[in-house]
Amino acid sequence: MGTGSSSYRPKAIYLDIDGRIQKVVFSKYCNSSDIMDLFCIATGLPRNTTISLLTTDDAMVSIDPTMPANSERTPYKVRPVAIKQLSEKEELIQSVLTQVAEQFSRAFKINELKAEVAHHLAVLEKRVELEGLKVVEVEKCKSDIKKMRDELAARSNRTSCPCKYSFLDNSKKLTSRRDVPAYPKYLLSPETVDALRKPTFDVWLWEPNEMLSCLEHMYHDLGLVRDFGINPITLKRWLLCVHDNYRNNPFHNFRHCFCVTQMMYSMTWLCGLQEKFSQMDILILMTAAICHDLDHPGYNNTYVRGHGSPLGTVSGARAYRRRTLGGYQTQRGCHSPLRLHRQSPDGSRTSLPRSRYQINARTELAIRYNDISPLENHHCAVAFQILSQPECNIFSSVPAEGFKQIRQGVITLILATDMARHAEIMDSFKEKMENFDYSNEEHMTLVSGLSSLSGGLLIPDLFFQLKMVLIKCCDISNEVRPMEVAEPWVDCLLEEYFMQSDREKSEGLPVAPFMDRDKVTKATAQTGFISFVLIPMFETVAKLFPAVEELMLQPLWESRDRYEELKQMDNAMKEPKAESLTPDSTASREKSRDGGKREAPTAPVLMGLLVSTTGIRQTGRSRFSNQMTMDRSSQGKATEGSRDAAAMGEEAAWHCRYR
């Protein structure tokens, strides 16, 4: 008698399928239909196919759970009989069900719901991903805060500053992008290409990606990519890395970099520099223009030095990029310990007392560069840190001697943008120009710097000074552009100043008058700068390149006149009408506005002030102001017109600053 488990043992049937033996196992509890379907599947026939089983002697076997078992030696043969056809009723039911499903789908908008659900799921997945990234950023910020606290604790003996900038983090900003081209290739229209070569180009109409494409076009258009074997992909990487290393300051940002470079490009075409300079010089000029303000902190050296920011001691960082000299602001850093001078009534020059601005907090960059043009030195360092990366080195194909020349030239030009050296550079340039005969064809030919004159004038020296003057012109050339392009730059610069002065006020620190939103206006800020810095510099360049007069000097004269009119309107609103203007002072102003040449008693004073390299503190400015007041009062019966001109010059000096 069998065990209880044997009654549940499945039954095995062996089938002969085209000579292949197939074993089929089923339970005795399966019905005939299930067994029939199982056999159909085993033989590869449709499930609704009617089949019959035959023994080896062609006897038919009933397909049911009680069918006799067989062995591999006696398999059953499978013979398909007919395929079951759906009845008309079944077909009708199936059709109705299909239609009902379609109606449900339309009524409940199932497909739309599916798409919407899929969209929401995608959005949620993206949001989860972004939230995850935020967590990473939060942890990163916590780590940075901890590092900053540790740094503050280590420097507890120094003056602290709530807006402490750390100079460049090599592991972050200097990392070049490998997924280039990361910005789309813009096809510049012929109109854009033509406009790009002119000083009137509107730099406000372009997004960063478009500006990058324009810079790339300049290098191709000038033949620099071809002549120096620059890899186009490397050029893209370099431009992207440069872009990433300009901070989002109101003024000293990547758009300012593009503005200066575009002006250098336009002057190259306007003055025919490629006919006078070598391609190496053009490459140096363009590269220096692009890199001249890299990693600028947005705070001038007075603030940076006096408040312990690494970029102040960083570099006195363009530390006095805009330095107040007796009120007249010369820019960027200190270069040499020269004295201030005042023009006396008899024409002699006497030294003015100079107040040294001591650095209260020494940080790495100021110490590194010994307070000599620290910001400019920092810009150079960042520029060559970027170029030191193989994937960003656009000069990789240049021989070692050529790279040495490029490096020396770029550093020289970037350091020349330090406005503390303005008088030094311009005086040297004018001295070389004095021995230059514009009517002498030989002299004009030698401007190319290929040889020297027998009379003692070394043309390469003039050539060398000219390159420094050219980058200075481009660096402060905003007023050369049309009014609608130039004026927003004034707003940007004042915004940068006001941000600094507001912070200084909130901390109870001295505020420079030219940065105080309660004292400075556009008119007072621009008049002196245009009259005593921009116009004389561009007039000097125009002697070598006459085309500069029409396209650059003329806009400067117009801009000067416009701001003088605005200044007079401001003064008229502030002063009583009876004391607003006298006949003599009116005539003096009218005389000062005629033509390109201006004479003002204080012009030599202002240009003398430009040579100082240390910022005048509040007490120093007071002494200078008092001395100027005494000098004016001691002149006796000076005319009303001369007093008005002196006042105008002094006020311009107090508010003039770097663009």
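The backbone N, Cα and C atoms fix where each Cβ goes, glycine too.
Just so you know, TrEMBL annotations never went through curation; they're auto-generated.
Quick look at what TrEMBL annotates:
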- His252: active site, proton donor (ACT_SITE)
- His256, His292, Asp293, Asp475: Zn(2+) 1 binding site (BINDING)
- 587-600: compositional bias 'Basic and acidic residues' (COMPBIAS)
- 611-637: compositional bias 'Polar residues' (COMPBIAS)
- 176-570: domain 'PDEase' (DOMAIN)
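Within the same chain, the residues at least 6 positions away from His292 (Zn(2+) 1 binding site) whose Cβ sits under 8 Å from its Cβ are Cys257, Val260, His379, Leu413, Ile414, Thr417, Ile471, Asp475, listed in sequence order. Cα of Asp293 (Zn(2+) 1 binding site) to Cα of the residue listed as 'active site, proton donor': a distance of 7 Å. Look at the residue listed as 'active site, proton donor': DSSP puts it in coil. Under DSSP, His292 (Zn(2+) 1 binding site) is assigned to coil, being neither helix nor strand in the three-state scheme. Here the recorded positions are His252, His256, and the one with the most other Cβ atoms within 10 Å of its Cβ is His252. DSSP gives Asp475 (Zn(2+) 1 binding site) a helix state. Close to the recorded Zn(2+) 1 site, the chain also has His252, Cys257, Val260, Ala289, His296, Thr417: residues not among His256, His292, Asp293, Asp475 whose Cβ is within 8 Å of the site's Cβ mean position. The binding-site residues in question are Asp293, Asp475, and the one with the fewest Cβ neighbours inside 10 Å is Asp475.
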